[in-house]
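Chemist: Have a look at this one before I ask anything.
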Protein chains: 2
Amino acid sequence: MAKDKVRRPRAETPKGFRDYFGAEVTARTEMLQAIGRVYRAWGFDALETSAVETVEALGKFLPDVDRPNEGVFAWQEHEDTDWLALRYDLTAPLARVFAQYRNDLPTPYRRYAMGPVWRNEKPGPGRFRQFYQCDADTVGAPSVAADAEICAMLASALEAVGIDRGDYLIRVNNRKVLNGVMEAAGVLDPADPSRFEAERGIVLRAIDKLDRLGEAGVRALLGQGREDESGDFTKGAGLAEEQAELVIGFTQARRDTAEATLARLRELVGTSATGAEGVDELETIAGLLAAQGLGDRALIDPSVVRGLGYYTGPVFEAELTFQTLDEKGRPRQFGSVAGGGRYDDLVKRFTGQAVPATGISIGVDRLLAALQARRAQAAAPAGPVVVTVMDRERMADYFAMAEELRAAGIRAEVYLGNPKNFGNQMKYADRRGSPVAVIEGGDEKARGVVQIKDLVLGAEIAKNASLEEWKDRPSQVEAPRDQLVAQVRAMLEGS
Amino acid sequence: MAKDKVRRPRAETPKGFRDYFGAEVTARTEMLQAIGRVYRAWGFDALETSAVETVEALGKFLPDVDRPNEGVFAWQEHEDTDWLALRYDLTAPLARVFAQYRNDLPTPYRRYAMGPVWRNEKPGPGRFRQFYQCDADTVGAPSVAADAEICAMLASALEAVGIDRGDYLIRVNNRKVLNGVMEAAGVLDPADPSRFEAERGIVLRAIDKLDRLGEAGVRALLGQGREDESGDFTKGAGLAEEQAELVIGFTQARRDTAEATLARLRELVGTSATGAEGVDELETIAGLLAAQGLGDRALIDPSVVRGLGYYTGPVFEAELTFQTLDEKGRPRQFGSVAGGGRYDDLVKRFTGQAVPATGISIGVDRLLAALQARRAQAAAPAGPVVVTVMDRERMADYFAMAEELRAAGIRAEVYLGNPKNFGNQMKYADRRGSPVAVIEGGDEKARGVVQIKDLVLGAEIAKNASLEEWKDRPSQVEAPRDQLVAQVRAMLEGS
């Protein structure tokens with residue numbers, strides 16, 4: 001290989017992945033820490049599984065094709081070793097863990113987990129192949145008290161990260177009620193649950209799109225089907241008009257009070273035993289939430305169904321109700337930032353025995369975006385104080401200044417590039433978002449003083465001031481060396 | 001497929017991976033948070049790259065074989081897409097990021113990163129295929145002031161997580177000094193650096209094993225080779241006795257003071273220009289560390305070389321100097337918990353231009369083990385207070401009690417299993433490590449009181465008390481309902 005001809009590697013993030021810098025990382029970390037403290041206070045224990053699972057344990061993506069990688073990143077080392085894959089959520093690993101350690105874990109087992117998950121899907125704007133999830137689940141508790149607890153804890157977590165009361169709603173529904181309505185509509189036969197399974201799937205997905213398609217769109221999907229603006233046709237569930245009426249009635253069953261909503265639901269499920277059970281469960285949950293003072297923030301909303309197929313009972317969703325403006329000044333609604341529900345069959349895959357479970361997953365990136373939009377008016381997080389280098393023989397002096405500032409709780413660093421050109425040091429401080437620069441040349445050293453430059457004020461003056469004002473340089477202050485910390489602090493508090 | 005014949009998936013962690021539960025997770029998180037706070041205070045910015053990189057960007061494992069997965073987990077989706085891999089450390093992604101964003105990042109760029117890395121290696125006792133790293137690096141600073149800063153910051157980080165002054169040492173050396181000694185010994189020809197490259201590699205690895213093999217073992221490896229206890233023979237560097245003498249002299253060059261050590265090193269490097277430069281750099285670093293008051297915790301130690309080939313200048317290592325006892329009462333030394341150095345060529349792979357860089361990596365698991373061994377005498381972290389369920393119609397009452405305790409900062413939960421058997425509730429509390437259980441049956445409710453059970457004291461009494469003492473049950477207290485929080489707090493503080 002000729003030395004000069006070696007092709008250099010491209011310095012690129014793989015397609016669909018991204019890097020996170022500085023405040024993007026710390027803001028997320030702080031949010032997750034605040035949520036973790038709430039989960040722990042409620043008796044949930046941390047669990048961290050490895051990113052890698054066997055494809056077999058992950059399930060859903062079983063190796064029925066040559067390369068079982070639909071939706072996941074998967075690989076096989078050798079022909080005789082297991083297919084491995086990156087986890088695509090935090091629920092599948094929880095089911096594996098509970099099945100694996102069930103004799104050693106307390107029952108019920110309350111656990112929380114936070115970390116990245118991976119999806120081998122086509123990336124899109126704002127959609128990446130690696131993103132964070134933050135889940136809390138209770139495994140082994142059949143009572144809907146566990147569902148009510150999850151909803152109350154979710155409210156507590158949202159408030160802990162800075163969403164005020166009145167700015168969010170927890171909406172609760174129950175799949176059993178929906179199944180009761182399907183029974184009443186004749187698309188679910190309790191004696192043969194496999195009949196009409198495809199139709200029910202279409203109904204479920206149609207209701208889940210109510211927000212986006214409106215009542216007319218959902219009606220079309222419940223009937224013969226719907227053609228969208230691009231001309232694409234989606235086949236409908238084929239329900240007759242009276243059947244569709246029942247389903248639409250279900251999504252619109254919300255009334256002003258929980259009592260009235262529950263009464264309406266009882267009408268809709270008719271004689272279905274499953275439906276009645278579902279309404280009873282909703283009543284219990286509503287009662288528990290009201291008793292905990294959440295009556296104003298949690299409500300029964302039959303239009304919430306959640307898209308996932310595996311829910312078997314209560315389902316819930318947290319919605320942010322405030323509006324912010326996007327970069328272009330357009331109103332922006334954040335909508336759902338968390339969702340979950342009861343799923344009683346995931347552990348059964350491993351053990352053959354049904355294990356009741358319920359849980360919530362917080363959409364980390366969406367919640368973070370909402371928080372940041374709210375705080376957009378607040379000052380951007382400041383960079384460190386930069387101690388400039390005027391005399392490269394006196395690095396120890398500059399290090400000592402930075403250490404004094406840090407000991408006083410002020411983020412600080414010494415300039416470590418080539419100090420020759422002072423302009424470069426100022427450009428560096430600018431790029432770092434530094435609020436203050438400290439300068440001590442030979443003259444200052446001899447006189448026992450330091451120059452302290454207010455870079456925030458300086459930038460404002462540079463933008464707005466006349467040449468005269470600029471010359472006065474009121475943004476720079478000379479202070480005795482032993483007043484360094486006090487003077488920097490005063491400047492930081494002033495800015 | 002007959003329903004009953006479907007083979008169930010195995011509930012197993014993949015080979016070489018493990019799950020982390022409860023305090024294992026939170027102790028690590030807290031340690032990393034404390035280190036992150038120090039890094040940020042020193043002006044380092046967080047960076048989080050994705051777990052997945054192109055194999056090409058990771059380097060070292062270039063696809064020269066059919067499946068380029070030696071040491072890494074790698075896969076290729078389609079024949080015409082990039083090979084992807086899980087990162088094996090945090091330095092390779094940093095080099096990629098700096099090359100990719102160098103026009104937007106400040107120079108020097110100080111960054112820290114913490115997160116899991118993956119190695120496709122044979123797992124062993126305590127060695128897993130996924131583990132945490134915690135790095136801080138300065139890219140674009142040629143001055144050894146950057147190396148001194150990293151060493152001082154490392155000391156600060158160790159103290160922040162609870163390692164006291166006097167319990168650790170930062171050892172510093174310089175690869176240029178070693179190269180100077182090699183020149184003096186005639187195994188490095190500045191005019192043709194590729195000569196004797198293999199021999200120098202053997203010398204490097206031999207010195208790195210000084211701790212384990214002792215002087216005699218290293219001498220054997222410097223000469224003809226060494227046969228270990230199992231009879232395996234490792235080929236030596238083939239140095240003559242005078243040559244080996246110089247190298248051994250280098251590893252033993254440490255004297256009582258930095259001045260004396262530096263003087264001894266100057267003798268050993270003779271007329272080598274590289275060697276003299278290395279000694280000068282060490283002198284500067286030692287001066288800066290002494291000026292920062294680290295003279296007692298940082299020292300020049302020529303026996304530190306670090307195994308990795310890519311270091312080009314200063315190298316450093318943090319060693320814990322205290323001893324603890326392992327589970328069997330045997331003394332246990334923790335040794336090195338962090339290491340790093342200057343590597344000036346990693347970014348060059350991408351850009352063709354050398355970019356100076358220096359950094360440190362903390363061995364997260366080893367440091368955590370050391371901290372836990374130190375704190376082993378302290379009480380185990382307590383589980384939540386458990387509010388038991390005596391009457392399943394009054395879940396709202398029990399939820400209210402748990403919420404009162406949480407509002408007072410006490411971790412608490414309601415029992416959510418089947419409440420029928422009270423013994424099971426107590427077994428659950430035991431498994432959770434609960435310090436206190438709260439009981440409110442119909443009788444207590446009617447009288448406006450609650451029973452509060454001290455489970456820590458109860459366990460002690462059960463172990464040691466006579467039947468008489470046991471009957472007195474002093475570990476259970478009755479309190480008015482409105483004294484619940486005060487009484488639980490008193491019990492927690494007493495235990």
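A Cβ is built for glycine as well, from the same backbone N, Cα and C atoms used for every other residue.
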Chemist: Which residue of B:R102, B:R119, B:R330, B:R332 does TrEMBL report at the same L-histidine site as B:D89, B:L90, B:T91, B:Q133, B:D137, B:R306, B:Y310, B:Y311?
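Modeler: That L-histidine site, as TrEMBL gives it, pairs B:D89, B:L90, B:T91, B:Q133, B:D137, B:R306, B:Y310, B:Y311 with B:R119.
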Chemist: Return the count of C-beta atoms lying within 10 angstroms of the C-beta of B:D89 (L-histidine binding site), excluding that atom itself.
Modeler: 16
Chemist: Where among the binding-site residues B:T91, B:Q133 do you find the Cβ with the fewest other Cβ atoms within 10 Å?
Modeler: B:Q133
Chemist: Just to be sure I understand the packing, how many Cβ atoms besides its own are within 10 Å of the Cβ of B:R306 (L-histidine binding site)?
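Modeler: B:R306 (L-histidine binding site): 19 neighbouring Cβ atoms within 10 Å.
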Chemist: Measure from the Cβ of B:Y311 (L-histidine binding site) and count the other Cβ atoms within 10 Å, all protein chains considered.
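Modeler: Summing over all protein chains shown, B:Y311 (L-histidine binding site) has 24 other Cβ atoms within 10 Å.
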Chemist: Per the record, L-histidine is bound by B:D89, B:L90, B:T91, B:R119, B:Q133, B:D137, B:R306, B:Y310, B:Y311: how many Å separate the farthest pair of Cα atoms?
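Modeler: Answer in Å: the longest Cα-Cα distance is 22.
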Chemist: Using DSSP and three states only, what is B:T91 (L-histidine binding site)?
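Modeler: Note: B:T91 (L-histidine binding site) is helical by DSSP.
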